[in-house]
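Engineer: Dropping the structure in here first, questions after.
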Amino acid sequence: MFIHTRKLQYNAKPDRPDPIMARKLQEALGGQWGEITGMLSYLTQGWGSSGSEKYKDLLLDTGTEEIGHVEMISTMIAYLLEGAPTSITEEEAKKDPALAAVLGGMDPEHAIVHGLTAGLTNPNGVSWNAGYATSSGNLVADMRFNVVRESQARTQVSRLYHMTEDKGVQDMLKFLLARETQHQLQFMKAQEELEEKYGVVVPGNMKDIEHQEFSHTIMSFSDGQGSRAFEGQIAKDGEKFTYQEHPEAMGEVPVFKHTHPNLHNDQG
């Protein structure tokens, strides 16, 4: 059950409208690593978790917080679009270079599709899709994904921070940076605990099945040999890395039966 309060988790109001910045913020909302991805990944992971209540609650706490972040960025985008041009003719744009610049950098979908509000897209109008989110049922794998997602999100928010001088926008981004710091750290801690219990390789119960003679060998498939530096070092599972300078082709040459003539493959 979710209960909504009209107050935002943190302030999300710019000093002045800026439709170009509104477009840029769409990445933090509907991009691959945006808040929608975090929200739905963490909630789905939490809903599906049947193990420790500790990790289930952590995921649901964070996923629910991300709903608030979606709300904050959507609100900020709407404020940034207040007063944005919706009906500029070509002649008007020619007379006013500043107006033309705004029109040139603005996302037309903000006006045409969303009525000067946020959309569930990235800055280029590409719709968010569920393929961005991850919920595998394996908590070690999911926690690792969560660390990556928070790392990518924080990197992009950092870049957005340097793309504006608006103190209101910067203030909201500073808050998001801090929360993404917390989320990275908490998911790293959860990952470490789960690795201690289940092992560092996911899944941890297939070691006796795999061909172990290939499991700790760095194979050189490029001209450089920089990766040789790992040779002899100890992996996180306690085993040593080996290095193979000239990987072999160990498989057979594939030979297929001719396909049915009705397929007209004409393979010779």
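Backbone N, Cα and C define each Cβ position, glycine as well.
Annotation comment: TrEMBL describes GLU35, HIS69, GLU150, HIS183 as Mn(2+) 1 binding site. According to TrEMBL, the feature Ca(2+) binding site maps to ASP57, ASP61, SER222, GLY224. If you look up TrEMBL, you'll see GLU66 marked as Mn(2+) 2 binding site.
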Engineer: Nearest to GLU150 (Mn(2+) 1 binding site) by Cα, among ASP57, ASP61, GLU66, SER222, GLY224 (binding-site residues)?
Structural biologist: GLU66
Engineer: From the Cα of GLY224 (Ca(2+) binding site) across to the Cα of HIS183 (Mn(2+) 1 binding site), what is the distance in angstrom?
Structural biologist: 36
Engineer: For the recorded Mn(2+) 1 site, enumerate neighbouring residues of the same chain (Cβ within 8 Å of the Cβ centroid of GLU35, HIS69, GLU150, HIS183, site residues themselves excluded), in sequence order.
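Structural biologist: The answer, listed by sequence position, is GLY38, MET39, THR62, GLU65, GLU66, ARG149, ALA153, LEU176, ARG179, GLU180.
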Engineer: What is the number of other Cβ atoms found within 10 Å of the Cβ of HIS183 (Mn(2+) 1 binding site)?
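Structural biologist: Result for HIS183 (Mn(2+) 1 binding site): 23 other Cβ atoms within 10 Å.
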Engineer: For ASP61 (Ca(2+) binding site) and GLU35 (Mn(2+) 1 binding site), determine the Cα separation and express it in whole Å.
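Structural biologist: If we compare the Cα positions of ASP61 (Ca(2+) binding site) and GLU35 (Mn(2+) 1 binding site), the gap is 14 Å.
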Engineer: Want to know which binding-site residues, from GLU35, ASP57, SER222, GLY224, are within 10 Å of GLU66 (Mn(2+) 2 binding site) at Cα; which are they?
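Structural biologist: Close binding-site residues: GLU35.
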